[in-house]
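Per TrEMBL, the feature transmembrane segment maps to 12-33. Residues or ranges marked as domain 'Phospholipid/glycerol acyltransferase' in TrEMBL: 70-183.
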Amino acid sequence: MRGTLGFHLGAASALGLIVLSCAFVVPFQLFVLRFMPRHWLGFPMGLSRFITRLVGVETEIRGQQADGPVLFVSNHISWLDIPIIGGHVKAAFIAKKEVAGWGGISLMARLYRSVFVDRGRPRSSIHQRNEISARLAEGDSLILFAEGTSTDGTMVKPFKSSLFSVAQGMDGLKIQPFTIAYTHINGIPIARAQRPLIGWYGDMELTSHIWQMLRLGRIKAVIQYHDPIEVTQGIDRKTLAAQCHARVSEGLAAANMGRIAE
């Protein structure tokens, strides 16, 4: 009984500190975005790392992050991906329009100057592609969840090649795939049946999932950077999607089996 009560109190304390830290950082970040836009990454990266510590996440970094501007391409498992990736990858997110209405996740996305895209409206795709291209041309790096959805972390779904159209014609642009994986809970390797404890996908309710995760204990996550791909003249979006998918899939399979991908 005491153990259960302790877990509840710990989870409630962590949740309260997350809310307070967000409330503290937001005014400063708004000031930075208004008057010092070149330094916008500092506060959200610090906040993200603070949140992951409160949740109990230890992140192992493998490989080398490429210098910007870079289009980073990743798999997507959980809402927890956002603060973990946000605390280590120096880039803004490309997020689907629905994220703008997801409460605290929406706040995190906006602090990161995310680009919101409406995948259900083809007419707006040209404008969105131009916005993404402009951000890359200005020197910003961006993060793309290329599956277009989240999974339980067992395998990587096919990458949507349409999302890579922004890279066509941007000769010399670096695209760096990376894998995010969750490998241990309280020092014990995660079994396949436990993956829904961390993965947030389908019609899972967000609030209850956050509360459940806060009570898990220590979580180990892995970010593995793969070799960058340089956009060259004539390369098409399907080729880019396939190359990125192969590297991210290999990284996830390796992490899930407790080894490091080549």
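Keep in mind that glycine also has a Cβ here, set from the backbone N, Cα and C atoms.
The average pLDDT computed over the domain 'Phospholipid/glycerol acyltransferase' (70-183) stands at 86.
Helix, strand and coil counts from DSSP across the domain 'Phospholipid/glycerol acyltransferase' (70-183) read 43 helix, 27 strand, 44 coil.
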